[in-house]
Amino acid sequence: MNTSGDPAQTGPEGCRGTMSAEEDARWLRWVTQQFKTIAGEDGEISLQEFKAALHVKESFFAERFFALFDSDRSGTITLQELQEALTLLIHGSPMDKLKFLFQVYDIDVCARQGASAGTEWGAGAGPHWASSPLGTGSGSIDPDELRTVLQSCLRESAISLPDEKLDQLTLALFESADADGNGAITFEELRDELQRFPGVMENLTISAAHWLTAPAPRPRPRRPRQLTRAYWHNHRSQLFCLATYAGLHVLLFGLAASAHRDLGASVMVAKGCGQCLNFDCSFIAVLMLRRCLTWLRATWLAQVLPLDQNIQFHQLMGYVVVGLSLVHTVAHTVNFVLQAQAEASPFQFWELLLTTRPGIGWVHGSASPTGVALLLLLLLMFICSSSCIRRSGHFEVFYWTHLSYLLVWLLLIFHGPNFWKWLLVPGILFFLEKAIGLAVSRMAAVCIMEVNLLPSKVTHLLIKRPPFFHYRPGDYLYLNIPTIARYEWHPFTISSAPEQKDTIWLHIRSQGQWTNRLYESFKASDPLGRGSKRLSRSVTMRKSQRSSKGSEILLEKHKFCNIKCYIDGPYGTPTRRIFASEHAVLIGAGIGITPFASILQSIMYRHQKRKHTCPSCQHSWIEGVQDNMKLHKVDFIWINRDQRSFEWFVSLLTKLEMDQAEEAQYGRFLELHMYMTSALGKNDMKAIGLQMALDLLANKEKKDSITGLQTRTQPGRPDWSKVFQKVAAEKKGKVQVFFCGSPALAKVLKGHCEKFGFRFFQENF
């Protein structure tokens, strides 16, 4: 081993072939910089510093890695030791990485290596795991060692399994790797086992140690995707509406300004902005006519108008209103300054700006004071509508300040002589819809029949379904529970299928004040009320333990109750288009599964309706599709951070898999894809053994050890390029992607959809 620290010459095979000289030098500079940051003043890395830098959850791996990096057994790692070890581990050959992995798994090797320190692996000998004979330790991995490693892998990936399942995983991997059946896994046997997984050996790394690899150089700036042909094609309806909106503003501004050109530039600007505000402040209500928009979704206009972006257009128009109001105010202020400075002016500046004495305006000269009040109200609504307030547990602040739109409209009627004409039709529609919604919701006083408290603070409500409440898969409703907050209505996606006649399901994630109070109230022994009679009539509370087919035993709380609530809806969403698609890709992140749960259940009910059994011979068959469903294929992708979140809908997914198994002869209509982001993948040395064992046991038992489903849960995040390539290669018809989840992931998916020519629809709240 070369002790000069030149990584180009280290290792039995060298690693210059994997790195250019420039990359080599840049990587060494990066490692040196990170080493100095971690090591501190003493210039060496201790075990505790190594653990903190590695960001591993399980100290087992940190201790194993540290022992193998510390070639001189000094109890600390020097810069030279770190460089030599990482050169082989990060940029070395597959055999170098495999030797390291074997030493990690051969637990008793370190004790024996420590006894021989100073002989074979003396100081300056380089990484002992790369140059020493494998037989220095025990030279093999026994079942107890493998079980210890797999147990640490489980903790590292935040997976909890019972001891019996851990024993089964250990046995499955050990029996597969121990080719000669002598009760121990040798280096050659581990190598042969890994070679069954293509690409794993070449890509083995320690993913959690982000400080091991230098940041990639910035890529060359590419053309913004907004300027690509695919973007313009996929967003043509939105772009057309934006162009029409901008053109209308130019027209309104120009007409109003030209009509007052004799009064000066400031008045022209003020009048132009005022005319645009007449339109914006009235039409902004049209974008929130949920019943009208739901009705339009069922017409041909849904193919022309961007109905799914109504909330984004509402927000955009809100920004425009605030901007125009500021310009309008500044222009009038400049005009008042000029008037007050005129010799013949009987009014001072503050009188023109704040009083009714000048007689400016339609009603008792109130234009100036109402204008100031309007600007303050609009700024308040604008600030309280920001995402940092709405999504940080202060939704009530947004809700109550947004109700001041009623006062804004009233002040606008007093402020401008023509605003009432602009508001007449939109205002009638808006208040008519509000009146209908209020009447229907009060007539539809229903009750919460059952509550299930699920993992990750999710509340599952079962509400008695009114006989006239008709909805489609993926629709949402507004819920009001007077015992939580008398005047607050919150939107939630319906997670039950329309074919479910008796109840409506809602799955509510605790993320704000209202949802947290809902969960905590039912979690308490006296739900919703500290003994108040009108809050709850809980009949029974029972706790049941159930095993998720190999997953950990969960403790769920079920409460049967009779709590009065009100519902308003249903309202349509983009997911209504799913059954008109040919190949639908449903992507849910976390609780974003709720609209797709309704859709998947509806699919299950429709398939059950098509299934028939002969009463004589018990032969079963499935008729062709008799409804309007055009679907040829459905890919459902569910991404969760932790294991317990899969429990929300595991029973539904199990039933879907059973139905698919019965229809296997007709082709696989529905494919499930499950991803757990906290789990490490096969390319990570801290998880390769576990993932291999999970694969082997899943093939043996025909079910996943994490969820109990037949579908194998994949670790990490999806590789969207590979996922969409597979979807495109199936050629099942035009692909439409439906997503419900975080805006950050939506942006990523939107870019991939534009690349592959898929239509993208997002659930908005």
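Each Cβ is built from the backbone N, Cα and C atoms, and glycine gets one as well.
Per Swiss-Prot, the feature Ca(2+) 2 binding site maps to D70, D72, S74, T76, E81.
Among the features that Swiss-Prot reports, domain 'EF-hand 1' is placed at 26-56.
The domain 'EF-hand 2' feature in Swiss-Prot is assigned to 57-92; the stated evidence is sequence analysis.
Per Swiss-Prot, domain 'EF-hand 3' is recorded for 93-156.
The average pLDDT for the domain 'EF-hand 4' (165-200) in the predicted structure is 85. The domain 'EF-hand 4' annotation in Swiss-Prot covers 165-200.
Look at Swiss-Prot and you will find 441-577 tagged as domain 'FAD-binding FR-type', backed by sequence analysis.
For 122-141, the entry in Swiss-Prot reads region 'Disordered'.
The topological domain 'Cytoplasmic' feature in Swiss-Prot is assigned to 1-238 (among others).
Residues or ranges marked as topological domain 'Extracellular' by Swiss-Prot: 260-266 (among others).
The topological domain 'Cytoplasmic' annotation in Swiss-Prot covers 290-317 (among others).
Residues annotated as topological domain 'Extracellular' in Swiss-Prot: 339-362 (among others).
Among the features that Swiss-Prot reports, topological domain 'Cytoplasmic' is placed at 384-394 (among others), with the record citing sequence analysis.
If you look up Swiss-Prot, you'll see 418-434 (among others) marked as topological domain 'Extracellular'.
If you look up Swiss-Prot, you'll see 456-583 (among others) marked as topological domain 'Cytoplasmic'.
Annotation comment: Swiss-Prot describes 605-765 (among others) as topological domain 'Extracellular', evidence class sequence analysis.
Here Swiss-Prot flags 239-259 (among others) as transmembrane segment.
For the transmembrane segment (267-289), the partner stretch with the most Cβ pairs below 8 Å, chosen from 318-338, 363-383, 395-417, 435-455, is 318-338. In the three-state DSSP classification, S74 (Ca(2+) 2 binding site) falls within coil. The DSSP breakdown of the domain 'EF-hand 4' (165-200), given as helix, strand and coil counts, is 22 helix, 1 strand, 13 coil. The least crowded of the binding-site residues D70, D72, E81, judged by other CB atoms within 10 A of its own CB, is D72. The binding-site residues considered are S74, T76; of these, S74 has the fewest other C-beta atoms within 10 angstroms of its C-beta. Per-class residue totals from DSSP over the topological domain 'Extracellular' (260-266), listed helix then strand then coil: 5 helix, 0 strand, 2 coil. Within 8 A of the CB centroid of the Ca(2+) 2 site residues D70, D72, S74, T76, E81, the other residues of that chain are E44, F69, S71, R73, G75, I77, T78. Packing against the topological domain 'Cytoplasmic' (290-317) from elsewhere in the chain are residues 237-238, 241, 280, 283-284, 385, 429, 433, 436-437, 475, 569-574, 576-577, 761-762, 764-765: each is 6 or more residues past its ends and has a CB under 8 Å from a CB in it.
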